[in-house]
Each structure stands twice: as C-alpha cells, then as structure tokens.
Amino acid sequence: MRAIRYQPDRLELLDQTRLPHETVWLTCTTAEDVYRAIQAMQVRGAPAIGAAAAFGLALEARRLPAEEVRSRLPEVAAWMKTARPTAVNLMQAVDEVMSALDEAPRGAEADALYRRAVAIAERDIATNRRIGEVGAEWVARHGGRILTHCNTGSLATVEYGTALGVLRAMHAAGTLKHVYVDETRPYLQGARLTAYELKEEGIPFDILTDSTAGFAMKLGWIDAVVVGADRIAKNGDTANKIGTYSLAVLASYHGIPFYVAAPRTTLDLSMSSGDEIPIEERSADEVTHWFGRPVAPEGATARHLAFDVTPGHLITGIITEAGVALPPYEESLTRLFGGG
Ligand SMILES: CSC[C@@H](O)[C@@H](O)C(=O)COP(=O)(O)O
C-alpha cells in the first residue's frame, strides 16, 4: 500500500482525513499545497510528512524562476519546517533535500532536489523493512498479542511502516497472534487507518477505546506494546501520539514490555532529554467536535495536546534499522548511530 505517489511535477497524497471510507487523492504542485496538506493531516506520520515536505521543496524549485531558486528556496524551506513542530523527520528531510543545492549545477537545481527527495523516500522504505525484521525477531519472544497506538504503517511512512512494520514482519513470520489497536482519539488514526491497513493484510485485530488499554493488560490480553515515535531525545525520551505515555505507565505497572520502533531520522541527538521536545497543541475544536459535528456543549473549552513524551526509563527497547537499543539509551543510541 502506498499513500504517496511522486513525479517531478506533482506529488499525490492519499487524503488520510477521508480514509477508510473514501479514497481521494490530493494533487500538490507547490510547496504551499504540501504545507497545507501536512497541517491539515491529509498526510501524517513522522516519516511521511518528512518525505512529503522534501517533494514539496523539489516542486517549489521547479516552479520558481531558475535564477531565483537559490535565493528564495531557503526561506520556503524554513517555513516548511513550521508545518508541524514535533516530528523531527520533517526538519531532517527538509535539511537533507536542501543539501542537494550544494552539489547541483546551476540551472539543474529542481532535478537535483527531486532526485534527493526520491532517495529519501526510497531509503524510508528500505529502513522500515529492516526495522520490521529486527523488531519481529526481538518482540516475538514475548508472545504474539501486541497492543499498538495511532497509525505507524504504510500510511504514516512511504511504505511498510515502523511499529506496524514490526507487526507486518511478525505476521509474515507466523509469530503474530493478534493486534489490539487503540482507537487514538481524536483523529482515530488507530480505528480508521491502522484498522484499514490490518484488514487489507488479513491480520487479526480488535479496536479498543483508548481507555480500555489498562484493563486489557490486567485481563492478560497483551504480551507487548509496540508504538512509533515522532522524536527521540538522546536519553531515549520519546515523543509520540498523545496517549503513548499513559500506555507506557500502564505497561510498566503490569510488567508488560513496551517498545518504540523508529528510524534514525526520528532521533534528535541534539536534545539531551524529552523536556526540550516541542509539543504540538492543535485546535480545541478537534476535541469538542467529532469530525466537524459538535459533541461538547457550545462554548466548552478543551486542551488538545497532539503528542506526549514517554520517559526513556519506561521504554524496554528502541527498535531501529541498526538494531535494538536498550537502556541506558544515551550509550546504546550513540553506539548504534554515533554522536551526531
Ligand atoms: C511511523 S509514524 C510514527 C509517529 O509519527 C506516529 O506514531 C504518530 O504519532 C503520528 O501522529 P500524527 O499526528 O498522526 O502525525
């Protein structure tokens, strides 16, 4: 399954606000189109927004007059980074695609940026497959009934997924028994998107309301929790979809292993702890309204933190393409990826 299709003159995004009942492709031809799609969560998930942003800048390089690309694109790149604040993949991908300008011959900037964006996208797929292999072997030792949160699959990446990639690989290896999917209020990435992907793959699952997780653990339904990440600090503190922290606390209380699956591009080794990670706060309307329809009394207020930070000490292991990092993370992540 692919939610991102690209050509030099356009980026097509499978609109994730319409899934699973409508399949609508959105065509982007400018950086602004891509920026708006990221903000509106028509494309979402840390690696997917990074790749989309890279293509957005390549499109902008094609649209700008050739003699203005080098002077004007850096400002567009800085703006693109502000589309969403928490997932560091966005900032990394923007920097990486912009670095193509350094080597591009004059007049060939757009082609160079497009080629770099394609490389980012293709690397994401290969990385996710490797995370899947590494994680499937590791997680299966705990058992085959896995709880996951949000959507970390093909829709959240260029293809295959991170945490959901681990589940895909376990399914292929015959070690996955059942997936419990948190619905993931308020956008329902679990109930809408993860359920859609699991159904397509024929993987057995049940959706749980977010508040069921603790009792499901108490009832002995869950062997391990596997989630994705939007930014991981040097000490292993991990920002991910709101609700992840509660799951980690519950897993710790019940003695259930709790794993994060993420690529190198989700690590932010410039941050020493999760306290430094910017947490996106989205519109209260997304909580007081149900996909546009009011559910709370008129005038009711809400706080809509889109992410939380799980302290590294609650994380059993971080599954990456280079292997599984174990606590203490400052040492293990540096060993796997170097200090930079
Ligand atoms: C491989 S996706 C990892 C994370 O980006 C995912 O768990 C998540 O929190 C997505 O949040 P979203 O707000 O839907 O973009």
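Even glycines carry a Cβ here, placed using N, Cα and C.
Note: TrEMBL annotation is automatic and uncurated.
Annotation source TrEMBL lists active site, proton donor at Asp230. The DSSP secondary structure for Asp230 (active site, proton donor) is coil. Remark: Asp230 (active site, proton donor) has Ala46, Thr86, Ala87, Val88, Asn89, Ala239, Asn240, Lys241, Thr266, Phe307 as non-local neighbours, by Cβ distance under 8 Å and separation of at least 6 in sequence.
The annotation substrate binding site is assigned in TrEMBL to Arg44, Gly45, Ala46, Arg84, Gln189, Asn240, Lys241. The Cβ neighbour count for Arg44 (substrate binding site), using a 10 Å radius and every protein chain shown, is 25.
DSSP assigns Cys150 (site 'Transition state stabilizer') to coil, not to a helix or a strand. Around Cys150 (site 'Transition state stabilizer'), the C-beta neighbours below 8 angstroms that are at least 6 residues distant in the chain are Ala156, Asp182, Thr184, Gln189, Gly190, Thr194, Val227, Gly228, Asn240, Lys241, Gly243, Thr244. The site 'Transition state stabilizer' feature in TrEMBL is assigned to Cys150.
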Greatest inter-residue Cα distance in Å for the substrate-binding set Arg44, Gly45, Ala46, Arg84, Gln189, Asn240, Lys241: 17
CB neighbours of Gly45 (substrate binding site) within 10 A? 31
Tell me which residues of the chain lie with their Cβ under 8 angstroms from that of Arg84 (substrate binding site), as long as they are six or more apart in sequence? Ile38, Gln39, Ile49, Leu90, Glu280
Substrate site shell beyond Arg44, Gly45, Ala46, Arg84, Gln189, Asn240, Lys241, criterion: Cβ within 8 Å of Cβ centroid: Ile49, Ala87, Cys150, Asn151, Thr152, Ala156, Gly228, Asp230, Phe307
DSSP output for Arg44 (substrate binding site) maps to coil
